[in-house]
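Annotated features in Swiss-Prot:
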ZN_FING   38-74  zinc finger
REGION    88-274  region 'SBD'
ZN_FING   91-149  zinc finger
BINDING   96, 103, 115, 119  Zn(2+) 1 binding site
BINDING   126, 131, 143, 148  Zn(2+) 2 binding site
């Protein structure tokens, strides 16, 4: 269910500011999101929306695929816009999916994806494969510290940003968790063994909210006089660690430079602060 304003669909005059003001003052009703799906592809309707002479709707993506022929009645479709339905879409306010966790934000239909990525109330999953806990990134930090700190397998360490630290992990363990104490963040160091070598990547378990901050990092691996380094202007922020080999933002260590299962690296994390 979503919150929706219906009076905006009846407004047909006034400048942009007046339309926004009237939209915000309009009545609120409940709608089922399913009725906002294209009846053909079942994807969410977005402008432009078309209709045939019998009133059957079709989204802009479906019309060309149907050769502009309505599948319900075979009448032409793709030439006449459904302005009424487009006005309804413009009037709909959707509460954040994290409303039950405390988020009070709402946004107009079609703008929800941008907010969800940055919502501070987004639920983050515990990186332990034997734990199904989810919570805000700060609650996850507290949970991990309390529940998994004594688990040697996870080898939790604490460090501060803007400092080099050396980390050791077994490639077969695949993941190592570090705690950033002052930020209440969990840093996941992951490695993936593939035929061409070992992929190493790091990420914070947190949403992409401004409150979390932005960070850059450097990885360095040294063995027998050989050095492999990788620098990135951004530490990825994820709500759940992936078990898939990364396609970007990784350091690749060839098998010829590996010495058994132990992987020892130097990591440098620094918070990016705008200089104004």
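In case you wondered, yes, glycine gets a Cβ from its N, Cα and C as well.
Within the same chain, residues 80-82, 85-86, 89, 110 sit at least 6 positions outside the zinc finger (38-74) and bring their C-beta atoms closer than 8 Å to a C-beta of that stretch.
Annotated Zn(2+) 1 site 96, 103, 115, 119; additional same-chain residues within 8 Å of its Cβ mean position, judged by their own Cβ, are 97, 98, 99, 105, 107, 116, 118, 120, 121, 122. Here the candidates are the binding-site residues 126, 131, 143, 148, and by Cα distance the one nearest residue 96 (Zn(2+) 1 binding site) turns out to be 126. Residue 96 (Zn(2+) 1 binding site) has a Cβ environment of 19 other Cβ atoms inside 10 Å.
Taking a C-beta cut-off of under 8 Å and a sequence gap of six or more, residue 119 (Zn(2+) 1 binding site) has these contacts in its own chain: 96, 98, 103, 105, 207, 209.
Taking only the Cα positions, the spacing between residue 126 (Zn(2+) 2 binding site) and residue 115 (Zn(2+) 1 binding site) is 22 angstrom. Annotated Zn(2+) 2 site 126, 131, 143, 148; additional same-chain residues within 8 Å of its Cβ mean position, judged by their own Cβ, are 127, 128, 133, 140, 144, 147.
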